[in-house]
Amino acid sequence: MKNQITNALSDFFFEYETPRQVLVRNRRVGVVCRLIQLGVLAYIIGWVFIYEKGYQSTDTAVSSVFTKMKGVGYTNVSGSERVWDVADYVFPPQGDSSFVVMTNYIITEGQKMGKQTLCMFLFQGQMTGVCVEGTKTCEVLAWCPVEDDHNIPDPPLLMSAENYTLFIKNSVTFPLFGVTRSNLVEGIDADYISKCLHDPKKAPLCPIFRLGDIVKLSGFSFETIARVGGAIGIVVDWTCNLDVDVKHCKPQYNFHGLYGNPAETDKARASVGYNFRYAKHYMEDRIQKRTLLKVFGIRFDIIVQSLARKFDIIPTLTAIGSGVGIFGVATVVCDLVLLYLLPKREFYKNMKFKYTDTHTQVSSFCL
């Protein structure tokens, strides 16, 4: 028993086993095998390494965006002239990545808080519980005169917004690679910014955009979207290959119409365009009053997309190892063809597998 254990351990540590290989001279099987291997090789090189960049590790950026609008608007409504600057038509005014530019409005001036009966018919107040006998209506506490928003100005009152300009400043950091970039890349200095205006072909890196151009590039009509409002997405795309000089890591700007398509002609929809209300309060003869504005505007959402790639030995070895493993598919397919499909499959089975008689081996060992 001791000798058997010793022999088993000796065989385990000092013997090497290798699979038995059979060279089959068959043109059909040979062609099938090489075609499969060629397909696997094309997949590894073309898809894994060239298209999917399987030899690189990836990282997404931490980003920051702030904006600044410039431009002055002018309106003349019923002989009342007014100039609108950035403080009047941009909401909110802090330069966020999401903001609204007013392009049309309905104004209701001189509203004051009081107990009225007319407001009841428009459901714009709080009922006090008092009935007015003369009009046979319920008294309400509300801001009056009430707003009349049934007639939206057409053409929009602030069509001049088409020529406003938007400045976008964006910084991104790829923590994994320790790379920080700004959309004010090499060559974009103060002198260039003072003269440039973004154009997808002539000035693709200029960070100053004309609102009319943004709307046009998003596929919308400015006059249509300015009348009732809408939403536009500005995508800043950072797709960078950090295996080359970092100065080649530059942003690309894309524009997408999100809401306000002029093709949407269904007048019965529940809500059309984009609008909101805000009020400016003031005191007159010790009475609190307000000016109510229903604002129609274009909402701009600046979205940063990022993906940086750089060579890394670990994903490279992983991709190579998985590719080598896939080469085994050719062997499996060819074995199936040899053992189950070809006319001489029994011959190939005898060549590939070695059969032994366990009972005979045991008897011989006992003798």
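Backbone N, Cα and C atoms are what each Cβ position is placed from, and that goes for glycine too.
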Cys206 has a disulfide partner in TrEMBL; which of Cys196, Cys240 is it?
Cys196
Top Cα neighbour of Cys240 (disulfide bond) in the set of recorded positions Met69, Lys70, Asn163:
Met69
Folded-back contacts onto the transmembrane segment (319-342), same chain, C-beta under 8 angstroms, at least six residues removed:
24, 26, 28-29, 32-33, 36-37, 40, 43-44, 48-49, 54-55, 348-349, 352
Among residues Lys68, Met69, Lys70, Thr165, Asn275, Phe276, Arg277, Lys294 annotated as binding ATP, what is the maximum Cα-Cα distance? Answer in Å.
24
Any same-chain residues 6+ apart from Arg277 (ATP binding site) with CB under 8 Å of its CB? Would you list them in sequence order, or say none?
Leu292, Leu293, Lys294, Val295
What does the structure give for the C-alpha distance between Cys249 (disulfide bond) and Lys68 (ATP binding site)? Integer Å is fine.
24
